[in-house]
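**Student:** Below is one structure. I have some questions about it.
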């Protein structure tokens, strides 16, 4: 049986939690008491305020007021019609964006298509460059757009060599700020500057960034960005995604999926499309009221959160996990693939293990919920709003027990 000699004892973990300025946020989530949830980077936990909001929307707004709810109480910001704009206004500060630069709705994949198409038009070039190991949907969407347009080429390159492939024929670079497998965080500001120096338009995927730490799209000079609402933003399964368009591009970026909800006056029922002001023009169809309402309520959790403290806790949690895992990495075939440098780390920690799928299945069975990514990645997500350092210690103890049971020390 392995003897775990942690770098931090339980008293130290308790002391870290006692000083945690975000400790009170845990009570705002409905978390099962029999698990340690390290998978908020796949699906965020349920904020307690969401069920009541959904019940209100379903029984009162839909059930009682019916179609009147589309415009009812607009002066009090309670109408459905402007719900995407209200959600965008709550989300924008987490992205370092203005509310008018953010559109909320559709899925991440659909928004990626919109962003890539608009970015290509702006660039006047025909090559999309992406990380060879980018999240598959980003690559699939780029490939589909290339097939549709016919004269567009999709190129890929290793992530750590990306800027070396910024050639004069590249029009758009599509990158994910935090790698979904390793948790490695890219330097958005530096890469964007390098892209702009070569006349390249940037599209950033923030799926593993938004809600995990403060994103600064404006400060980084990003052109476009997309992301989902169901991971660190806790908007629930299938939550609407978002699309960011830098203000300098709003009047020039072409809306290739032009729908009536992106029209300047939808109920004019005009025969020709006229774009709405700001990023709202990128909203395509009828707002998904139920899922938008869930995301709207979930974002209220961030209302009193200092984003600097959020990042500090994220790094403290992941530092603690890495230190506590060191004895296990010495005894078992565990390879840390997440960077140690804070500037290069998101809010997850990943290890390679030859039997990662089996190990993760057993961990989940024991109540330690992370996830597996092919071919050999154990992935653990750390959501600062509802995880504690004590959770980290208990998780590592559970991981040690599972590894002992499955294979014994290497």
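The backbone N, Cα and C atoms fix where each Cβ goes, and this holds for glycine too.
Got these off Swiss-Prot a minute ago, pasting:
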| type | residues | note |
| --- | --- | --- |
| BINDING | 108, 109, 135, 136, 137, 138, 176, 205, 208, 230, 260, 286 | pyridoxal 5'-phosphate binding site |
| MOD_RES | 231 | N6-(pyridoxal phosphate)lysine |
**Student:** Grab the pyridoxal 5'-phosphate binding residues from the record (108, 109, 135, 136, 137, 138, 176, 205, 208, 230, 260, 286) and give me their largest CA-CA distance in Å.
**Tutor:** 30
**Student:** Give the three-state DSSP assignment (helix, strand or coil) for residue 176 (pyridoxal 5'-phosphate binding site).
**Tutor:** strand
**Student:** Restricting the comparison to the binding-site residues 108, 135, 137, 260, which residue's C-alpha is spatially nearest the C-alpha of the residue listed as 'N6-(pyridoxal phosphate)lysine'?
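**Tutor:** So, of the listed binding-site residues, the one sitting closest to the residue listed as 'N6-(pyridoxal phosphate)lysine' is 108.
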**Student:** Taking the Cβ of residue 260 (pyridoxal 5'-phosphate binding site) as the centre, count every other Cβ atom within 10 Å, in any protein chain shown.
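**Tutor:** Excluding its own Cβ, residue 260 (pyridoxal 5'-phosphate binding site) sees 16 Cβ atoms within 10 Å.
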**Student:** Just to verify: the residue among 108, 137, 176 with the fewest other Cβ atoms within 10 Å, which of the binding-site residues is it?
**Tutor:** 137
**Student:** Same chain only, sequence gap of 6 or more: which residues have a CB within under 8 Å of the CB of residue 208 (pyridoxal 5'-phosphate binding site)?
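**Tutor:** When sequence neighbours closer than 6 are ignored, residue 208 (pyridoxal 5'-phosphate binding site) has 41, 176, 177, 178, 179, 180, 183, 231, 232, 346, 347, 348 within Cβ distance under 8 Å.
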**Student:** Is it possible to get the count of other C-beta atoms within 10 angstroms of the C-beta of residue 135 (pyridoxal 5'-phosphate binding site)?
**Tutor:** 18
